[in-house]
Amino acid sequence: MVKLLELFITSSKPVVEILLITSVGFYMALDGVNLLGHDARKYLNNIVFYVFSPSLIGSRLADSVTYESLVKMWFMPVNVLLTFIIGSLLGWIVIVITKPPSHLRGLILGCCAAGNLGNMPLIIIPAVCKEKGGPFGDPESCQKYGMGYVALSMAMGSIYIWTYVYNLMRVLSNSPVETPPSVESNYDSYKVPLISSKEEENNQKAGRWEKVKRRLVSLSQKVNLKTIFAPSTIAAMIALVIGLITPLRKLIIGTEAPLRVLQDSVTLVGDGAVPAMTMIIGGNLLKGLRSSGMKMSSIIGVLVARYVLLPMSGVLIVRGAYKLDLVTSEPLYQFVLLLQYAVPPAMNLGTITQLFGTGESECSVIMLWTYSLASISLTVWPTFFMWLVA
């Protein structure tokens, strides 16, 4: 009972931190204060997108990833991708059942797909490692390896958010516009065929190919391919190069590195990412509380998907991978893999909705509900996960 209470307090810490910073953003957005108005949030959001997020990902990934660790943790990128895919499927089910407005479909799908793989595990793992007589062995080595797992998890999560979720939300947030048939095409349909069946067959094949080409062009216009090389993705690529090439790593990373000032500077800038993102969500919450188009049924759907169905899927996948020898028997590694399925939605979703200029207030309302109930989820599931891997 005492351990359960301690775990509840531990898991509540990151949640309380986020809610406190959210309240600061909320206060700054009030009409009487107006330090974080609409324009200010927009400018701050651009700084997060172009400066803070890339710095955070780059510094964490370069510091934790080596060739040896990447070989050992090869299943983790796959596992993180599975959390996004299963979350997307659950999100689509929520959309079908609750029927939200079309411009909020992308937001609901994003909230179900993208989890907070950053500051939540960063606080939970060290706290769990401190447990005496826990299943993870020596607290020092537990924290060292645990933070390495979390850093890779966070970096992979950011890459998938800015490549997969960003484009998914962008496509679903824009309602497709049907082009009316032209007069010419109507006229063509009434023409009497004056060509042979062979030529007609060839023309039909050519017509099918034209349709395929038009669909591909339409898809490429909807999916912003430039965001595959968004600042955060580029930062992750550079960090991987630095981490995997030993001479470069020795030059920049570590206390003895000649150019360690570069790493320290990037880390310092990156530390501003989470507070800035959280304050933006707090600022948008003011508008969300005044008027929000989000149905209560959609919010409940997101909560069930993230805190019930996704963790259950995670148990089946991780334990299945262990039985198939795809995952090592190390309890801490399995625990981190399982934890990736039980976290609340990613804070980056607030940044994405702000970039689109649609669904910002609704996103804040979802965040308020999911993070308010996160302390319960992050107590129940980690307790069960520790029992499972012990």
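Cβ from N, Cα, C; glycine included.
Lifted from TrEMBL, the feature list:
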type     : residues : note
TRANSMEM : 15-36    : transmembrane segment
TRANSMEM : 43-62    : transmembrane segment
TRANSMEM : 74-95    : transmembrane segment
TRANSMEM : 107-128  : transmembrane segment
TRANSMEM : 148-166  : transmembrane segment
TRANSMEM : 223-245  : transmembrane segment
TRANSMEM : 265-286  : transmembrane segment
TRANSMEM : 298-318  : transmembrane segment
TRANSMEM : 338-356  : transmembrane segment
TRANSMEM : 368-389  : transmembrane segment
CB contact flag for the transmembrane segment (15-36) and the transmembrane segment (368-389), at least three pairs under 8 A: yes
Beyond the flanks of the transmembrane segment (298-318) by at least 6 residues, Cβ under 8 Å: 79, 82-83, 86-87, 90-91, 93-94, 97-98, 100, 104, 108, 111-112, 115, 327, 334, 337-338, 340-342, 344-345, 365-366, 369-370, 373, 376-377, 381, 388
Contact yes or no, the transmembrane segment (265-286) and the transmembrane segment (74-95), 3+ Cβ pairs under 8 Å, gap 6+: no
Any contact, the transmembrane segment (43-62) to the transmembrane segment (148-166), with at least 3 Cβ pairs under 8 A: yes
Region pair the transmembrane segment (148-166) / the transmembrane segment (368-389), three or more CB pairs under 8 Å: no
